[in-house]
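Residues annotated as domain 'Glycine transporter' in TrEMBL: C:5-74, C:90-164. According to TrEMBL, the feature transmembrane segment maps to C:6-22, C:29-48, C:60-78, C:90-108, C:114-136, C:148-166, C:172-191.
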């Protein structure tokens, strides 16, 4: 079941990458590269920083092929691909939840501190999109005022760490924390929840 | 002989990096940094992802000195450097071929799947230029419609994998696949071969 | 004492990252991310390339928490933060000196050549700011004509390597080379020392 959800998250990220590439007039090479970066970028930074070997997408060697199929299909049928966008919110939020909790678990397995484990959760869940934005020559939208995204991941990561410390709830920690992130993210989008922010005037 | 060709490929990439830096009004620090990134960026990503140690340019410790000499000479004589540009096509194509096949070999040595080995070939051959473009604040030209470049590397990587599987041809695989990439790339430039691409309208 | 100076350097870099984020209208997520990248980016590239484990900011697990506190305080009191900018020159120069020499030492410990050790000194001391600029969608200021910065680090790195080779001076090498970089950098700012540079016209 986790495998199935993870695959859904990879697919949602890949479609997002293809859409981003099309918006910037890229061809198939760009669509595939962006789809790879958005899907695997966060997890790759995590694996490199924690010295985990082999990288998760080298281990799950079918993931890059799935992403390739999405990039090819998305480039052949761009209009259909763009029509899927409104349907991506739920798999996208699911991807945020799953990747974040997987990132926290990897960091704990490498015996980092709790704070750093929460950071790796956020990096795994969100930095694929950040690198995608940098490649497209945009200031990363994650860093600009917008409905909460990193905040959902960060608080969900702490919830997971808290549940892990409670003997009775430990076994439900993954499910509860992932569900918390998904619901939090969808609510943040729906009700436009943002971090407080003062515009800076020099 | 491979060493000599590899050195030619490093030099061609370094000159390309210096030209890119000058076009963006950079000084010597920028010229050397870009020359390093364009020459070594793709191979560095490969070595980090495959956990190969030491990095190839730390092992071949003279390469960064050669690149330094090119950056200094290129900054002292910018007009001469820019006149070499039309002569760079062949060493550039040679670099694409050599770096791609070296990337495939490294990935196979790390026991990745064939598809992932072909990906690492493309990454090794092309991502130095991608990082160079990102630093110069341009959407990477590799990802935009243009004469085929990544496609030459990708198909050459598969040709190499195919030849490797044929007992009689195995020993010629490096030479044939590298030559294929070089000829394919020069022909793509000459005849403006591109991937099919539909402009996307939102 | 080294610990205290290093902490001062991390704080100066983090404040610089927060200021950069505010200038680009980022929120708290952006301020923290940029503060992390500017403070830890150069050392992270060094540790990954030299295969050093764990990364220094995972080992010093309080550093990311200090940076978090700075990002929160900086976002709550942006005007006060921006008033600290003129006072950042000395800790900034100190950070350049300390990070550079720490980078050289790490590279020597990994048995690289002298030239590559000097390169890693410069990378450790300066590349955090480079990645910060790339994220903010600017051509890195390190690569453009400006008062010397990388040059101070590079010459200080060579001075350190030279002193290391002199039996009597070996024990003072860290202090002398760091002080040299700090003074050189402050003088370069004060007297506008730059590398010779010819504007390139195509």
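Along the chain as shown, the residues are counted starting at 1.
Quick reminder: no glycine exception, Cβ is built from N, Cα and C everywhere.
Listed as Cβ neighbours of the transmembrane segment (C:60-78) (distance under 8 Å, sequence separation of 6 or more from its ends, same chain) are residues 7, 10-11, 14-15, 17-19, 22, 27-28, 31-32, 35-36, 39-40. Sequence-distant neighbours of the transmembrane segment (C:172-191) (same chain, 6+ residues past either end, Cβ-Cβ under 8 Å): 89-90, 92-94, 96-98, 100-101, 125, 147-149, 151-153, 155-157, 159-160, 163-164. At the 8 Å Cβ cutoff, the transmembrane segment (C:148-166) and the transmembrane segment (C:90-108) share at least 3 close pairs (sequence separation 6 or more) and count as touching. For the transmembrane segment (C:90-108), the neighbouring stretch richest in Cβ pairs under 8 Å, chosen from C:6-22, C:29-48, C:114-136, is C:114-136. DSSP assignment over the domain 'Glycine transporter' (C:5-74) gives 57 helix, 0 strand, 13 coil.
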